[in-house]
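A.B. asks: Attaching a single structure in structure tokens format; questions to follow.
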Amino acid sequence: MSHLSTINACKLLLFRRCLQAVLLTVGIQFLLLTIFLLFVNFQLLRPLHWISVTLSLVCSMYTWFASIPLVGAVVLYGMILCQQHLAERLYCPTRFRWLVHYAPRKLLFLAAHLLVGYLTAWLYTGYMHTDYRHLWYKCYDQECISAYHVYLLGMGIFAGCYYFVSVHMRQEVEIEFPIVNHLWGEKLREVLYSSLARSLIKSLLPTLAYTLLFWLFGGVVCHKLSHIFAVDLDERLEGFFGVATNGRLLFYGWLLTSQILSNMHLMRCFYSMFLSEEFPLAITKNRAAFVQEKEVTVVAALGLSNVYVVQCLAAKYLYNLVTAGDAEKRSELFQLTEPGNRPANWRSLCDQCLSLFGNFTDELIDSMQKISVLKGSPSSPPLTPISENASASLMAERVLTRQYNQMHGIRAIVSPRSNAVIDRPVDRIHRVPDWCERTSMQLEQSLQLLINRIPGIVYMFTEPEGAKTAFLLTHSLPLVFVIQALSQICVFSLKEDRYGVVQTDLPDIIRSMSRLKGELDKLSSVASNLRGPGSSFSVLRGAVRRSLFHICVAFGEYLSELIPSGEELHQLQTVINQE
């Protein structure tokens with residue numbers, strides 16, 4: 001299978017999982033609506049009537065038709081979330097490049113958040129009391145703008161904006177791989193309980209913040225709406241006490257905010273649940289497969305660096321395969337394949353893993369050169385300039401040699417014309433005057449300082465220190481799984497590798513891990529100052545140290561044969577002693 005067909009096959013499978021997440025999210029909308037109606041229509045003395053009325057409202061035709069706009073917004077939200085999961089993770093060195101690449105996508109995602117928040121508030125207000133249900137109501141035999149309805153609609157928009165700013169504005173969507181695999185029903189129940197309970201607490205701050213904003217600017221908004229629709233102004237929420245003392249309105253706003261936040265959090269969790277499921281990969285390429293069958297191997301999936309999700313799933317699959325304790329499945333890695341009885345499976349896997357190690361380490365070294373604390377390029381010794389006395393003595397020696405040759409009739413090897421060219425004084429070479437060079441350098445430095453003093457230029461068009469290093473560490477999850485899987489393969493090869501296909505590559509594997517460990521040790525002094533990758537750095541460094549330790553312990557008797565005596569062998573022995 002070609003590289004392009006591998007990408008298409010993986011994206012098609014992930015797109016199907018995203019559709020399943022969207023369908024589950026649509027079903028959850030009715031569960032959230034049921035919970036909201038149970039709170040709004042609460043009747044302690046008539047519990048059966050309370051539950052029956054709530055269920056009849058959820059199952060009514062009005063609910064099914066009124067929820068169509070919200071379902072459409074949820075589907076749009078899910079498609080944008082799917083696109084962000086499958087998009088390539090590009091590094092933007094400057095903030096201007098980040099705006100050019102990510103701003104259109106972020107603006108579209110913000111619009112989806114606002115739309116879901118507004119339509120959720122619009123749908124839920126239809127089940128409240130008459131004062132909250134419509135945009136205007138009868139007051140003193142006239143039509144008036146309902147400030148309660150405006151407050152709740154604005155609360156929905158503000159809740160969607162709040163979730164986008166706090167979760168998605170500066171961060172990319174990530175998949176959380178569970179440490180312990182549970183049944184699908186257990187995971188769904190855990191996500192529902194935790195999301196609903198957490199949203200009740202997290203919705204307090206945005207509710208209070210929006211209430212303060214509505215007290216400051218709500219009157220202006222209601223006045224504009226009354227002027228647009230040619231109706232009277234509602235005066236029930238004028239002043240601070242008019243807003244702060246309305247307990248029912250504040251309760252509805254808090255409950256609505258918690259529903260919107262939990263809804264968006266559940267959509268994010270559902271995508272993580274479906275996309276983190278085990279990917280159907282193969283170790284050995286089935287040569288007898290039909291042409292229509294698109295079988296993706298682990299090696300091919302690990303090579304898809306432009307689809308980060310697939311690379312993570314392939315690395316996780318390899319890690320689970322090695323650590324599951326099934327020796328029969330691991331034997332596919334060591335077996336010899338036809339034709340030629342060559343270790344094709346191990347050869348391709350080892351080359352791909354070493355390529356991942358090498359590329360990541362090289363990029364990490366290049367990015368660390370831009371950190372001022374770690375900057376240390378090897379300096380070459382300066383060239384010794386020729387002094388004027390040495391130049392004069394050389395010219396005098398040439399003149400004496402020419403006179404001696406003419407006196408004794410010795411011809412020159414080269415023609416006199418060539419001698420004239422060679423003996424031309426160095427001072428006659430045309431050079432740019434020193435004052436011109438100094439002037440041009442001063443002008444260049446002055447212009448650069450002038451540009452840097454313009455507000456926003458340095459902020460927008462300069463690469464922050466350590467940004468590339470932070471980007472690499474944040475996206476190092478595939479490397480964490482691959483390093484641990486490869487070390488376990490090397491350890492198991494002592495008993496399961498009957499042909500010795502792994503031992504020939506052990507020196508290269510140890511050197512690659514040791515090289516990466518050395519660079520991470522250098523970075524440990526400044527990792528806390530980098531923005532974002534603190535936990536990622538700790539996880540990666542711990543995985544490298546642990547993997548190298550397992551290999552060194554398993555092959556401790558043979559280290560001197562695998563690695564020649566020297567600094568590398570001393571470092572490996574130090575790793576064993578430290579652990």
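Cβ coordinates come from backbone N, Cα and C, glycine included.
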A.B. asks: Answer with yes or no whether Swiss-Prot records Gln171 and Ser535 within the same membrane-side topological domain.
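C.D. replies: Domain labels match for Gln171 and Ser535 in Swiss-Prot.
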A.B. asks: Using Swiss-Prot as the reference, determine which range in 237-257, 300-320, 468-488 is annotated transmembrane segment.
C.D. replies: 237-257
A.B. asks: So which residues does the topological domain 'Cytoplasmic' (82-106) touch in its own chain, when a touch means Cβ under 8 Å and the partner is 6 or more beyond its ends?
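C.D. replies: Distant Cβ neighbours of the topological domain 'Cytoplasmic' (82-106) are 11, 14-15, 18, 21-22, 168-169, 172-173, 175, 271, 275, 306-309, 459-463, 467-468, 471, 475.
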A.B. asks: Are the transmembrane segment (145-165) and the transmembrane segment (237-257) close enough that 3 or more Cβ pairs fall under 8 Å, when only pairs 6 or more apart in sequence count?
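C.D. replies: The transmembrane segment (145-165) and the transmembrane segment (237-257): touching, yes.
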A.B. asks: Let me check one thing: do the transmembrane segment (22-42) and the transmembrane segment (145-165) come into contact, meaning three or more Cβ pairs under 8 Å with sequence separation of at least 6?
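C.D. replies: Counting Cβ pairs under 8 Å, fewer than 3, so no.
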A.B. asks: Please count the residues of the topological domain 'Perinuclear space' (128-144) that DSSP assigns to helix (H, G, I), strand (E, B) and coil.
C.D. replies: 4 helix, 7 strand, 6 coil
A.B. asks: Would you kindly list the residues that approach the topological domain 'Perinuclear space' (128-144) from elsewhere in its chain, counting only those six or more residues past its ends and only Cβ-Cβ distances under 8 Å?
C.D. replies: 40, 150, 152, 225-226, 229, 231-234, 249, 252
